[in-house]
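Undergrad: Here you go, one structure.
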Amino acid sequence: MLTKPSRIIALCSVANFINSADRVIMPIAIVPMAQEFHWDLHQRGWVLSAFAIGYMSSQVVGGSAAKRYGGKKILSLAVILWSISTLLVPLFAHSLTMLVLSRVILGLGEGLGLPTIFHIFSHVIPCEERSRAFGYLIAFGSIGQTVASLVCPHLSWPWMFYLFGMMGLLWVVVWHMMYTETRGTLDEEFVDPPKVSNSNVRWLEFVIHWPLWSIYIAHFSMNWSNYIIMQWLPTYLSSSLQANQANMMFTAVPYVMNSLISVVAAHFADDLIARKWTVLSVRRLMTSIGLLGPGLFILFFSAVYNFPLSVLFVSISLGLSACNSSGHLSNHAEVAPNHAGITFAISNTLATIPGILCGPLTAELVTQSHGRWFPVFVIAGGVNFVGAVIYLSQSAASQVL
């Protein structure tokens, strides 16, 4: 029988599996959809980036609503919203405007999800298990992307959306049957009560502390390169390396690497803390690996035009990025245990800006560079390096909120 923390980790990880799978469907489906509906590169860019507009808009709402109404209700609402919008894509695909709208709604639902899960984890997961909790959460997200990357090329594009949309609705039923929420007078009860319980905090407090900004900037940097890979890898492999539809299965390899490294890094980080490393040292180490490594290997990826080497380098890049789950992503529950859902929501809102920019900006850079992708990857690597330096110099592991 699973303990309550283990059961919650499992349920939330499966939710993130579905969440992440739903994001990968469109970058794969857009290749046959663009051929069927005759979309140019800029139109494809807006379809891909529309998700990020909705995603960014609902982050803070998710963190605040979970604190007020409870994680169980808000996470249920989130999964229902993103599952229905996924199911509706084939119905809306004939109209670019309606398709962009459905992508925005998908983003709104998914934007509620992770801040709510961070809120739940900060309340029910003990500190010594936190790296593993976030590690499995991120790993299951990568597994979801892997499964979608493997399964979707074998389906007609409408069934890509039907399959994962129905999976989300089934999860909601299981969630309501298996999760019981324990609430105090104002909020859910903590398994490890914070040193300072400050429920009334000015909104300005969330943006005036450098330890929080170091997390926000590290998250932004991580997402810049991750969105490039997630949104454009199938298109890049198809246009620059002449990969065919069968080769698109190899886009699953980076997500396999990400999920494996996420679990290994999580256990490694918790083991270091058990060996009396300071929490701050562990968070900085894992974030350094998670930003500097991907920045370096995405530059290697940009320099080769051999298909196997390209897949290898981009897989190592996305794989090492998983170390961030035991780094800055776990740091929220330490610097703001009372408000981890909200701080993550702010962080993820800022970190969604790359998702909005990467679609049209990548299309413009490639067009202006006459089909060359090198500037896209150089910028991504540089952003990672800057984020690592700021996190190393400004991060903390003591409570600031």
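Just so it is clear, glycine is given a Cβ too, placed from its N, Cα and C backbone atoms.
Automatic prediction, not curation, is the source of TrEMBL annotations.
Annotation source TrEMBL lists domain 'Major facilitator superfamily (MFS) profile' at 8-399. Annotated transmembrane segment per TrEMBL: 74-93, 99-121, 133-151, 157-175, 212-233, 253-273, 285-305, 373-392, in sequence order.
Locate each feature and note its surroundings.
TA: Mean model confidence of the domain 'Major facilitator superfamily (MFS) profile' (8-399) amounts to 88 (pLDDT, 0 to 100 scale).
Note on the transmembrane segment (74-93): residues 12, 15, 18-19, 22, 25-26, 33, 37, 62, 65-66, 99, 101-103, 105-106, 108-113, 116-117, 120, 157-158, 161-162, 164-169, 171-172, 175-176 of its chain, located 6 or more positions outside it, place their CB under 8 angstroms from a CB of the stretch.
Sequence-remote contacts of a segment are chain residues at least 6 beyond its ends whose Cβ falls under 8 Å from one of its Cβ atoms, and for the transmembrane segment (99-121) they are 8-9, 12, 15-16, 19, 22-23, 26, 46-47, 50-63, 65-67, 71, 74-75, 77-83, 85-86, 88-89, 92-93, 130, 133-134, 137, 188, 332-333, 340-342, 344-345, 348, 352.
Nonlocal intrachain contacts for the transmembrane segment (133-151), taken as residues 6+ away from its ends with a CB within less than 8 angstroms of a stretch CB, comprise 5, 9-10, 12-14, 16-25, 28, 117, 121, 125, 160, 163-164, 230, 248-249, 251-252, 255-256, 258-260, 262-263, 265-267, 269, 322, 324-326, 329-330.
Only residues 6 or more beyond the boundaries of the transmembrane segment (157-175), in the same chain, are considered here, and those with a CB under 8 A from a CB of the stretch are 11, 14-15, 18, 21-22, 25, 28-29, 32-33, 72, 75-76, 79-80, 82-84, 86-87, 89-90, 93, 148, 151.
For the transmembrane segment (212-233), the residues of the chain that approach it from at least six positions outside its boundaries are 23-24, 27, 48-49, 52, 145, 206, 251, 254, 287, 290-291, 294-295, 298, 314, 317-318, 321, 324, 327-329, 331-332, 335-336, 343, 346-348, 350-355, 358-359, 362, 376-377, 379-381, 383-384, 386-388, 390-391, 393-396, 400-401, judged by C-beta separation under 8 angstroms.
Long-range neighbours of the transmembrane segment (253-273) within the same chain, counting only residues 6 or more positions beyond its ends whose Cβ lies under 8 Å from a Cβ of the stretch, are 24, 128-136, 138-143, 145-146, 149, 229, 233, 279, 281-282, 285-286, 289, 311, 314-323, 325-327, 330.
Within the chain carrying the transmembrane segment (373-392), a Cβ under 8 angstroms from the stretch's Cβ atoms is held by residues 213-215, 217-218, 220-222, 224-225, 228, 232, 236, 240, 284, 287-288, 291-292, 294-296, 298-299, 301-303, 327-328, 362, 365-366, all 6 or more beyond its ends.
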